[in-house]
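Per TrEMBL, active site, charge relay system is recorded for S227, D362, H393. Taken from TrEMBL, the feature domain 'AB hydrolase-1' applies to 147-400. Per TrEMBL, signal peptide is recorded for 1-20.
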Amino acid sequence: MEFCIYWLLLFSRIIMSAHESDVHTISPEMPAMFDGMKLAAVATVLYIIVRCLNLKSPTAPPDLIYQDTAVNRFLLKSCSQLTKEYIPPLLWGKSGHLQTALYGKLGRVSSPHPSGIRKYLPMQDGATATFDLFEPLGDHRTGDDITMVICPGIGNHSEKHYIRTFVDYAQKDGYRCAVLNHLGALPNIELTSPRMFTYGCTWEFASMVGYIKRAYPNTQLIVVGFSLGGNIVCKFLGENKANQERVLCCVSVCQGYSALRAQETFLQWDQFRRFYNFLMADNMKKIILSHRHSLFGGHSLKMIDADLSRLYTATSLMQIDDNIMRKFHGHRSLKEYYEKESCVHYIHNVNVPLLLVNSADDPLVHDSLLTIPRTLAAKKPNVIFALTLHGGHLGFFEGAVLFPQPLTWMDKVIVGYANAICQWEKQKPPCQSDHLSEGSCLKEKA
């Protein structure tokens, strides 16, 4: 910072000197002075670029918190991405903002187009959930039938580029994939009830999982959630122990764990979170307005006008949640909505192996929220918490200098961890059934 101030002062002094010289005759030193101005300007720009792109930041393996158990040692040995250095693209990959922006704009580079079948599931309240089913493109390495049940991020669906890239990669590794389309997220699918997806509603995800269990009675499940989807899958598993039946493991990437705690941080300008909040609110407005007739059709004209007026003037997700979203499930206040729909109150009930992944430079998830997975991983033997230095929000791009690779570190970690879990289930000692810890084995032997 001192270096930056020095160059700015020098630049100002040169300009003042140049202005004073205009009053008198042009001196012979003027060409040299202008050269100095150019050098100062270039140096200032270079300094700003280095600071903004975080080029001096080191690369390192993810910071891991876990208990020393036999299964965790096996997983970390088998999933090498969790212990090796994550190296983002050299010129821009160390900026969480650019990683997030590139993910938000492009999703992925050279995104494939996996072929799936869309399924429609009628819900008890009249809503119609949809998900896309993708069959594996080869046998799984263990020879077993494994299905990944995937919950995307806020307002996302199976047609998003990052989902398509991940599904294609998982299919080629022998996984069947079922991807939930958040209620109302697909522009060409009309709502059949006055309700759309919310922060923590698990009804549609539970319906999809139930369909997969019935249609494939021999399949085992890998549960995967991205961002908001991470909150939903962890809440789903923790709500009822029966939801964990036939589930091998769960992976959650870039979620915030508690909407109530995140509420205050989303109103801060630190890391431009308030700006991101505005952008996400604007996207939510578009989704809601595209379904205005389904969502507000049964109300009186006076109520419709009031709701739409509040929606149009909203500048944050919290305002939209308070005025629109919480009412879908009858929550009396925004606090109640965030409390009941956050996985922080359920995640401690998850007993299957659980991998929680976050990035330290994620501009959407404040560091204070990461005390939740840190504490959980320190207390529960089935949890591994991995925190990368770089990656932004769902970015995690890899590449040499400028151009990122189609597959990201995140894609490789999820499939690598899933492969390790499947292999562990094949060869684990009999005394470690039902995900028992190493201590249980020693106790049984004694």
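Glycine residues also receive a Cβ, built from the backbone N, Cα and C atoms like all the rest.
Curation plays no part in TrEMBL annotations; they are all automatic predictions.
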Euclidean distance between Cα atoms of S227 (active site, charge relay system) and D362 (active site, charge relay system), Å: 11
Reported mean pLDDT - the domain 'AB hydrolase-1' (147-400): 94
Neighbourhood of S227 (active site, charge relay system), C-beta criterion under 8 angstroms, separation at least six: P152, G153, I154, V253, C254, Q255, L364, H393, L394
D362 (active site, charge relay system): tally of other CB atoms within 10 A of its CB: 26
